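What Swiss-Prot records for this protein:
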- 27-197: domain 'FAD-binding PCMH-type' (DOMAIN)
- Arg175: active site (ACT_SITE)
- Ser252: active site, proton donor (ACT_SITE)
- Glu358: active site (ACT_SITE)
Amino acid sequence: MSGAEGTRDGASPTGGSALAAYTTLRLGGPAAGFVVAEDAETLADAVREADAAGSRLLVLGGGSNLVVADEGFDGHVVRIATRGLRFDSVGDGLVQLTAEAGEDWDAVVAETVRQGLGGLECLSGIPGLTGATPVQNVGAYGVEVSELLLSVDLLDRRTGNVRTVRAEDLGLVYRGSVLKHSDQAVVLRVRFLLRDGGRSAPVRYAELARTLDAEPGSRVDVAEAREAVLALRRGKGMVLDPADHDTWSAGSFFTNPIVEAADLSAVLSRIGAKVGPDQRVPQYPASDGRTKLSAAWLIERAGFGKGHPGPGGRARLSTKHTLALTNRGEATTADLLSLAREVRDGVLAQFGVSLAPEPVLVDCAL
């Protein structure tokens with residue numbers, strides 16, 4: 001097992017140093033123990049050893065969807081640093097991609113585009129590691145991982161064994177899966193099914209279609225689709241840039257709320273009473289007859305504009321995108337959570353709609 005890896009400043013994230021160097025929010029206190037796993041066997045062994053010792057365990061990927069308490073984590077952290085990509089033709093113009101969990105996600109997407117494989121390009125620019133994508137059922141610009149995922153190799157912490165689980169058995173839903181709500185399995189590698197030929201997945205997202213000057217549902221050059229997605233994400237502060245505090249975030253902090261069919265009319269009426277009957281409420285079909293609303297739209301209409309609460313705030317909404325809560329350089333996790341509560345409670349008070357956090361909260365809560 002490899003030893004503790006240095007942080008950006010060369011310090012270990014144990015003792016008095018912080019896990020902040022391993023999260024895109026740059027927040028979080030120290031860990032009691034920290035190891036780096038550079039291959040799947042080491043990763044599995046590190047998890048087994050922590051479990052055998054009865055230690056609390058945090059498996060750390062890219063830290064892009066993580067909010068860690070200021071007090072830190074009083075257990076062992078295993079940082080995933082496994083590498084490896086494999087492409088196998090399976091016939092009919094289809095290619096299976098196998099990626100180790102520690103591969104940087106955007107680098108994986110870039111390589112698929114370089115090879116002319118369509119499917120993942122709309123997920124360009126999303127920070128984090130590949131192993132996290134099925135856990136969150138990562139999605140953007142009209143595409144979700146669930147549409148392309150074949151299977152994952154998991155370490156089952158209950159038995160200590162490694163097993164392959166098909167995508168359909170992972171309970172993949174909007175921004176979630178059975179893996180997100182249980183700590184009993186660790187993703188070791190992931191398999192996707194992609195299409196050869198240099199064309200993108202059908203362009204479904206209206207904003208992306210306009211950017212590409214493409215008809216909704218059409219396919220475009222896969223490289224052009226990737227560049228358009230990256231440009232859109234940069235405009236919203238959603239591509240990591242150490243010099244831009246708008247990217248010191250966990251991405252979208254709240255998921256888009258999903259409203260049951262029986263409740264939709266009452267919810268829309270309440271929103272209309274607040275914003276005016278002539279304002280169109282963005283809504284999108286979800287599973288089982290439900291409707292997805294836009295969290296960003298609700299946040300803005302509840303009075304929380306870009307950059308809230310304004311200059312001087314240590315934690316602020318991004319100046320580019322209201323759905324991102326950001327660290328302006330000197331924030332604490334407590335600052336961030338205070339802002340999150342203010343926004344969540346404000347939307348609930350105005351519209352009766354509950355916003356749920358998307359990141360994983362480690363030893364802290366809203």
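Here the Cβ of each residue, glycine as well, is placed from N, Cα and C on the backbone.
A distance of 11 Å separates the Cα atom of Ser252 (active site, proton donor) from that of Arg175 (active site). The Cβ neighbour count for Glu358 (active site), using a 10 Å radius over every protein chain in view, is 19. Cα of Arg175 (active site) to Cα of Glu358 (active site): a distance of 8 Å. Cβ contacts within 10 Å of Arg175 (active site), excluding its own Cβ and spanning all protein chains shown: 19. There are 22 other Cβ atoms within 10 Å of the Cβ belonging to Ser252 (active site, proton donor). The average per-residue pLDDT of the prediction over the domain 'FAD-binding PCMH-type' (27-197) is 96, rounded to a whole number.
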